Every structure is written in C-alpha cells, then in structure tokens.
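Feature annotation from TrEMBL assigns active site, proton donor to Glu251. What TrEMBL lists as active site, nucleophile is Glu334. Among the features that TrEMBL reports, compositional bias 'Low complexity' is placed at 13-23. Residues annotated as domain 'Glycoside hydrolase 35 catalytic' in TrEMBL: 103-428. Look at TrEMBL and you will find 475-595 tagged as domain 'Beta-galactosidase 1-like first all-beta'. Per TrEMBL, the feature domain 'Beta-galactosidase galactose-binding' maps to 637-696. The region 'Disordered' annotation in TrEMBL covers 1-31. For 53-74, the entry in TrEMBL reads transmembrane segment.
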Amino acid sequence: MKDRLPKRPGNVSLSSSSCTSGSRRPPPVAASAGGTVFKLLTMARKQSRRRTAIFILVICFAALGTLAPVFAPLPSSLSSRSNSHHNLKKSDGRSFEIADDKFWRDGEQFQIIGGDLHYFRVLPEYWEDRLLRAKALGLNTIQTYVPWNLHEPRQGELVFEGIADIISFLKLCHKLNLLVMLRAGPYICGEWDLGGFPAWLLAIEPALRLRSSDPPFLELVDSWWNILLPKMSPLLYTNGGPIIMVQIENEFGSYGNDKAYLHHLVNLARGHLGNDVILYTTDGGSRETLEKGTISGDAVFSAVDFTTGDDPRPIFALQKKFNEPGKSPPLSTEFYTGWLTHWGEKIASTSATFTADSLEKILSMNASVVLYMAHGGTNFGFYNGANSGADESDYKPDLTSYDYDAPISESGDVDNAKYKALQRVISKYTVEEPTSVPPDNQRATYGRIELQKSAFLFDIVDNPELISVVESEIPLSMESVGQMFGFVLYASEYNSKGNRSVLSIPKVHDRAQVFISCTSDDNRKRPIYIGTISRGSNRAIDLPHFSCVSRTKIYILVENMGRLNYGPYIFDKKGILSSVYVGGRPLFKWRMISIPFHNLNEGRKISSIVSDAYSKFIKASSLEDLNYRRHRDNLEPTFYTGRFAIDQVKDTYLSFNGWSKGIAFVNEFNIGRYWPSVGPQCNLYVPAPILREGENVVVILELESASSKLSLSSTDRPDFTCGSIG
C-alpha cells in the first residue's frame, strides 16, 4: 500500500510533512512507501531490577453521480435553516441526521461551519476564551481529537481532570451553543506523540500491531473505549448534549486496508453510543485512500479532506461515490488554515487572502467545512509529535508551539488579517447572529530574569531517592524500563586501550549526548562531554584516552524528542535500540537510569528532580562549586534557576535567545522544549494561569551550553526567527 502525498497548500511558505493524507503532507510527490504494519523486534529483558526508591515522575501541570444535486446552492427563498425537507421526520426530541445529501438539525437544513480546537493544547482556564473567539469567527461547530495517551498515561491509570477534563470542555461547548464533532480515535495523528496511542503499548511483548485487527491490540482498544464512550453517550446531541458526530479512527486509508479493524470499531461505538449518532471517517480526497478508509455496510458517513486551494467539486463528487445514495453531504473535515513546523524549518505561513478565497469556494456550494486549525495552541510538556521522510531515520520533531498560522494565534490573538478575512467570508453563509469579537488578551514583559546554576544533572541522578535504575546486559528501550517521556541515562564501563577508541551506536532514538569519566592521576572524575549522536546521523565518535586508575565510565544521555505520529514507522520506540560498540566490540552490563520529569497531565505536584535543583539554588554553599565551574568549557547538562516578581498577572513569553537546547518549567509547570540554536522558535508561551502574583520560579535544564548572560528575558510577543533558517 502507498500513502498518497498531496501537493502543499498554494501560496504558502512552509517546509514540513504531516499526518493527514488529504493535504497536510506538503511534498509534491506522488507516493511513498507506507501502510504496512511492522512487527517490532523483541529486545532481551534480562533485567535484574534494582528499583531504588519510588518511581517518582516529575513536574508539571496540567496541562478534534452528478454534480448538480451536490453543489447547487439553495434558492434565495430557502435559507440554510429551511423547513422544506418533506421526507425527514422531525421527532419530538433533538435530532441530527443526513438525508437528501444534506445535514439536518431538528428537521432544519444545517451547514457545518466548524473548526478544530484541541482542549489538550489549551489550559482549562482559557477554554472559554478560545471558544468565544471561535464563535465570534462565525463557527457553529468545534472538532476535537481525544488522545488516548493523555487520558491513560500508564496502563490502568485513568486521567479525566485538569487539561484532560474533556467532559467539562464539551459541556462548555454546549453552554456556548457550539456543536461538537468528536474524533475519538483510538488513533488521532494530530502532530501528537505516537498519534495519541499510549507509549506503554510499545512495551508489550510480543509487539502489538497497532491500527490493526490484532486481537491483543483490539482488547486494549476495547478497554479504553469501554471507559471513554460511556462518558460521551450523555453528551450526544440526541441526549441533550453537543456531540453531533463521532469519528472512527483517522485517515486509515493512508495507512492500511484492515476492514475487520474498522468494523470492530464501528460495532464497539454503536454498542455504547447507539444508532442515532452519525459515525464518520475522514480520508484524503483520492480514490485509493477512500477505498481503503471507508466503511461500507455499517452506515458510516465518509468525509474528505484535501489541499487548501484544490478545486473541491471533483473531490466532493468522488466522496459521493463512497456514501449511500442521499447520504453524502459534501464535507471537508480538515480545511487547512496554515501548517505545522518542525525544528530546523522556516516557520510556516499561509496568505490570508488565499485561505479566505479557498474557503469561500467551499461554502458557496452549500458544502460544510471544518477549519484545521481554528486555534492551534501549544504542545506543552513532552507531547509533541514528529514526522518522517523517506525512512524512519529522516526524523522531524515538531515545535513546542502549535500556532499553525491559524486565525486564532497560539496566545489567542484575533486582531490579524487571517481572522478578519475568514470572518468576512463566513459571515455571508451563517444565519446566526454574529457575536462580538473579544479583544486580544493583554500580555506583559517582566524584564530580565537572572539565572544561576543550581545543580548538575549527573549529581542529581546519583540520588537514589529521586531516580529508578534498571540493569541489563544490553541497552533497553525507554518504554521497556518504564520511562515513557523525557530522558534516560545509559551507563556502562569499558577498558581504555591505546590512544584512541571509536564509539558507535547504530540505532538511537532520538538524540544521545555522550560523556566519559574516570579517576586519573590528576583526579579527573566529572563526566566530560565527548559528542552527540542524533537519529539518522549515526556517526561514530572518537573517544579520548585517559590514564584511568580504573575502567572508564561512559554515560549516554538519550532524549526522546517526540514519537512519530504518522506513517508506516509509527512503531517508534525510544532510547538506545541497538548494541553500543567501543572499538568494534559491544559493551555489556548497562544501567538504565530514568530521569523523571512530570508530563502535561501528571498533576501539579512539583517534581523531586526540579525541587532538588531549586533547593540547591537557595543554598549558598551549593553554589560555590557551580560558580567556580561557570566558565569551564564543559557541556554538562545543568539546571539553572531564577525568580521574578509579578504585580499583575498576564500572559508572557520567555525568550531563550543565546541558550542552546533544553526544557523549561515555570512554577512547576512544564512549558515545553526550547532549541533556539536550531530554531525557528525562540520563545516559549507562558499563559497567565501558570503565573501568580508575587514570586515566580523558573527552572530550566540546559543540555548543552548556557547563554553567556545567564539570563532569560520576558517578552510580549512570539519570535520565530532563531537558527540558521530564521
């Protein structure tokens, strides 16, 4: 099978690849290999588990026939809320149905003008703010994904609170008279880690076949949906809630052809949600993807997506061939208002005029449409996804920002050309009274924030109360040692022979910083940075020779930079996935040291790692050695801590210009990754709900080299001009 790779959106500046088959994969290529479900190689698990203390995972908060009957506009005497449909019986209760190739709400014709807005990319305190801006844009429907990994980060541990409180989000949509199209998964893509699948699925042996009718996989899907769908049932439109449609999987036609899997999902959904709700699929607007992704015989509505700027007429005509007669209202479920951006690329942007003109082509046909994205938001924590090119070594992780060049910006701004242009178009086709546009939220600059070194990472991981250790003859994946996100430190030893040794790691996901240390005649014992091996490069590193009193210790700090969320290589384990060779010989006897930082949905309890770094910051005695080493040219991962005072709490951005690469926490909340040395993102968005009046604390883990100024600056605007491409 082959994934169809559509053209990039017209009049757009971007360089990316994405998950959707329809048009969010910009390379102008005909096809690429894909779709085959791979079995992962099992790794030996000869583990003598020496679990020292509790597995404390760290920091952070909280954190969807013929052309004429299809496209003919309604007569001027017939509004989009006409009651003239004779064949549709309007029940005493609420109904949302498809008939005569149209949507009908409570017996009246209805045109969906929607937009994607993902609750998990916006702090709950801002849900209503962003929804009101979407409503003022003219939208009547919100589409959102449901990421399984957000709600079940560890098997059997369910989270429906904070940023994962989907029920409160849906009730808020209902309160604001916004309908909902729910993309329940279990696979979502969405530029989200592992396409929404929990990473612990990758630790199960024998390896599961994701997105397939593999019985062990289906058993886990059943378990998840048996929890999720009963929570959604009371929120269906026919039950008095906002949900009008529920998506089955996501663009499966670009991946596989396992109809048994899709039918299983339909039966499961019907069992929980009943027969009244519209189930739908979304696939790219090509015959191949529709043939593979649609579900015939189960009354599942087939919708399409396609490149912004494409002529929608032939694509909607094709869509009609994959629906039952009279059951094919033209619907583009992903109309791309912008595009994603990977680290190392120029920030994507799309012309407001081009986007608005393309939207009008669809709406003028009385077709329905969903903007992707109406509001992008932020990939807080470690949940950003990644894409691949020709093979899995061509690895492209996504930015922390998911601004997407959407009409509602990452920080909620709407005073921009794209929002106004789209609003003008939508206003021609909506019959609802327009709501006033909220003003942009105020932002503040809080000046320069002085930072001090507070701890070395290697000192903290020596504390048995803070970390978990697994021992094995060979390196194990992060998932196998129970560390799903962030970092794992691999430690071993070797005998240094001669003047030169070569280190090689054939397969590492995603980025490995190599350090060695030994006790020598001059008392050298702190780890010394040797080099970095990135996924795809696999370059060998020369190891210097020291006259060590004992064996040379080697430390390899591996960062998980986000799992692939799309394509045939989605089985994306992290860590060291091969043997490690020194001088051509494999090293044995490894210690895998988990470095636990709390992810987005793991509560607001401060992490032990970060609190330990901060406690060292406030002790003058602990700073003496750190300050002594301030100017030493050693790229040892280091925590830096600072405090800043606020009189009036407002949104802000932290600028990391001059820093290299790392992760940042504000008041115990993981605001994401920074990497200005590669770009294009220079600043991280800090929403006001994270801040507090009085003292605020910033802790960053700098992986490479600190800014010479040892400070951050607070600014009131985003900046995507960093790196060589900025």
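Note that Cβ sites are derived from N, Cα and C of the backbone, with glycine treated the same way.
When the Cα atoms are compared, Glu251 (active site, proton donor) and Glu334 (active site, nucleophile) turn out to be 11 Å apart. Assigned with DSSP, the residues of the domain 'Beta-galactosidase 1-like first all-beta' (475-595) fall into helix, strand and coil as follows: 3 helix, 57 strand, 61 coil. In the predicted structure, the domain 'Beta-galactosidase 1-like first all-beta' (475-595) carries a mean pLDDT of 91. Around Glu251 (active site, proton donor), taking its Cβ as the centre, 27 other Cβ atoms fall within 10 Å, counting all chains.
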